[in-house]
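Below: one structure, written as structure tokens.
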Amino acid sequence: MASSSHRSHHSHHKAYDNRRLIAKSSSSLSVDSEETWDDEEGVYHGREKDDAIELEALNRQRDDENNEDDDDDDDDEDGGGTRDSTSSLRSPKILYTANEEKVIVRKFDRNLVVFIALMYMLAFLDRSNIGNARIAGMDVDLQTSPPRDYWYTWAIQAFYVTYIGFEWMSLLWHVIPPHVYASLLVLSWGVVASLQAVAPSYPFLISLRALLGMGEAGFTGIPLYLCMFFKRDELAFRTAIFVSAAPLATSFASTLAWLILKLGEAGPITPWRLLFLAEGFPSAIVAVIAWRIVPDSPHTASYLTSREKKIARLRLPNQHQSPTRTTNTGHGVNLREALAVCIDPIAIIPALMLFLTNMAYSSLPVFLPTILEESMGHDRLGAQALSAPPYLVSFFFVLATAKLSDSVRSRSAFLVPFALTSALGYTTLAVSEHLLRLEPASALRYLAVYPAAVGFFCVVVLTVVWNVNNQPSRSRRGAVFAMMQTVGQCGPLLGARLYPRSQSPFYTQGMAVCAAAMLGVAGLALVLRWVLVRRNRALDARRASSYGGRGSRGGDVPGADAGFRYMI
């Protein structure tokens, strides 16, 4: 009896797996039904069958599934069983090979993702180089009379106030042609960043920082844009490539600042002004290039052949949802789905995680040079040089972590350990003043910066991608991303106040707050994982039951294809 029950259970799961594969394939085929996929040019001649994706095998699986159903059904109308509409796909056409798909992904990596990383590196460079400018003399030159200690904090916060207020611009990637939008964004922040070089006072600089935040706010929608080109299990590594440009930019900024200080000592331009100009103007040049390089969709990518453009669309079935899931605008926006995310814990929890992470992510790069100079005893040039290595190490860790996360299709397995690693680094920095007053204390504090930086950079990437991965439709992805960015980017407002002059030189309170924040991220990630595991189990049970009763073949999650599962 137990054996019979086991075989029945196994049969249902096997049939359900086949059903998922058939449903996905037939959904993909309907996308380009008007296109001709016959082997007219003989491109498959001589290729191995198992190197291609074939309909013939899928139809055979479908027939087996129908036969199993017929055996269990005692009241078939025709005796031979009925065949649903997908059985019309009987011709043994081959869609595309796995190698062709890899070629397309590599082309997107080389031509699109790397260029996006360049743009984001310039954005982060223009955003965070104010920390290097401060110890290069900016604070003294722009100080008002009477002097006010809060000017620098206001300059940092002005950026994030507009950065948060204009987060809605991240949704415009689906409204304005991406090549136009990307060019306008990069040009705007490049011009404003360059104008910081002529700031006569702190109030003027604060105004420019507010404009800089407006220009960079729209660029946060890049993960939504990448969803048009990559699958769910490809997205983390591609997001990591451009997000890792942030630590690379920080290390580059520190090295460049050191060089500019050396060269500017005898030059006609004040070193910190030259720093803003040298790091801001390249963005204006890249904006012109973006007009030609950034494609509006896979179909407009100039580096793909006609056939590759078809494959690029066919491999992403979620980009071609049925009319019932879209509005008349053609942008696939479903207001009901978008509003539903506001009360969904799998959307709310990542937003809180990003808020806590951004307290550390945004504050350390702009304060690290000052911390190195004041609490670790380094001179101005030494502080600039020592700021670079922690972020260079973070760059490689982010790429490796994202690659592994994609390969095992799990986010929490990496996110939690890195959040704890960052918390450990900040805890060491927080207690070093009280426990280590000997000479090696300075070296230990510097080494603790490495796990702190590596941890929060990896957490940012995994949090953003995890949230996008678990939203099946464009409507939900757009809404949840806007909410996550709006809530998450409030973190820097608090982070900018964690290191006041009164806490110098050890800034114990700020370090302790960041340590607690990263511990909170680890706890929230575990809660989110628990929620997603429970939802996947409920989906499996419901689908198995619905299959046994010939239930609906649609997705069990609003806006999702059949077989959708939450990524944990």
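Heads up, the Cβ atoms here are built off N, Cα and C, so glycines get one too.
As annotated by TrEMBL, compositional bias 'Basic residues' applies to 1-13.
Taken from TrEMBL, the feature region 'Disordered' applies to 1-88.
Summarising the annotation, TrEMBL assigns compositional bias 'Acidic residues' to 32-41 (among others).
TrEMBL lists 42-64 with the feature compositional bias 'Basic and acidic residues'.
The annotation compositional bias 'Acidic residues' is assigned in TrEMBL to 65-79 (among others).
Sequence-distant neighbours of the transmembrane segment (112-130) (same chain, 6+ residues past either end, Cβ-Cβ under 8 Å): 138, 155-156, 159, 182, 186, 189-190, 193, 196, 209, 212, 216, 219, 222, 226, 229, 238, 241-246, 248-250, 252-253, 257, 275-276, 279-280, 282-283, 286, 289-290, 293-295, 301, 365-366. Residues or ranges marked as transmembrane segment by TrEMBL: 112-130 (among others).
Annotation comment: TrEMBL describes 150-173 (among others) as transmembrane segment.
Taken from TrEMBL, the feature transmembrane segment applies to 180-198 (among others).
For the transmembrane segment (204-227), the residues of the chain that approach it from at least six positions outside its boundaries are 113, 116, 119-120, 123, 126-127, 130, 142, 151, 154-156, 158-167, 169-174, 178, 181-182, 185-186, 188-189, 192-193, 195-196, 235, 238-239, 242, 464-465, 468, 474, 477-478, 481, 485, 489, judged by C-beta separation under 8 angstroms. According to TrEMBL, the feature transmembrane segment maps to 204-227 (among others).
If you look up TrEMBL, you'll see 239-260 (among others) marked as transmembrane segment.
The transmembrane segment annotation in TrEMBL covers 272-294 (among others). Remote same-chain residues near the transmembrane segment (272-294) are listed as 111-112, 115-116, 118-119, 122-123, 125-126, 129, 132-134, 136-138, 141, 178-180, 182-184, 186-187, 189-198, 253, 256-257, 260, 264 (criterion: CB distance under 8 Å, separation of at least six residues from the stretch ends).
The transmembrane segment annotation in TrEMBL covers 338-361 (among others).
What TrEMBL lists as transmembrane segment is 381-400 (among others).
When Cβ-Cβ distances below 8 Å are used as the criterion, the transmembrane segment (412-431) is approached by residues 357, 360, 401, 404-405, 444-445, 448-456, 458-459, 462-463, 466, 508, 511-512, 514-516, 518-519, 521-522, 525-526, 528-529, 568 of the same chain, each at least six residues removed from its ends. Annotated transmembrane segment per TrEMBL: 412-431 (among others), in sequence order.
Per TrEMBL, transmembrane segment is recorded for 443-466 (among others).
Packing against the transmembrane segment (478-500) from elsewhere in the chain are residues 149, 153, 156-157, 160-161, 163-164, 167-168, 170-171, 174, 220-221, 223-224, 333, 337-339, 341-342, 344, 347-348, 350-363, 366-367, 370-371, 464, 467-468, 471, 507, 509-510, 513-514: each is 6 or more residues past its ends and has a CB under 8 Å from a CB in it. Per TrEMBL, the feature transmembrane segment maps to 478-500 (among others).
Listed as Cβ neighbours of the transmembrane segment (381-400) (distance under 8 Å, sequence separation of 6 or more from its ends, same chain) are residues 132, 135-136, 237, 240-241, 243-244, 246-248, 250-255, 257-258, 261-262, 365, 368-370, 372-373, 446, 449-450, 452-454, 457-458, 461. Residues 419, 422, 426, 452, 456-457, 459-460, 463-464, 466-467, 470-471, 475-476, 478-480, 483-492, 494-495, 498, 513-514, 517-518, 520-521, 524-525, 527-528, 531-532, 535, 558, 566 of the same chain lie 6+ residues outside the transmembrane segment (338-361) yet bring a C-beta within less than 8 angstroms of a C-beta in it.
The list of residues near the transmembrane segment (239-260) in space but at least 6 beyond its ends in sequence, with Cβ under 8 angstroms from a Cβ of it, reads 109, 113-114, 116-122, 124-125, 128-129, 132-133, 136, 222-223, 226, 271, 274-275, 278-279, 365, 369, 381, 384-392, 394-395, 398-399, 401-403, 453, 457, 460-461, 464-465.
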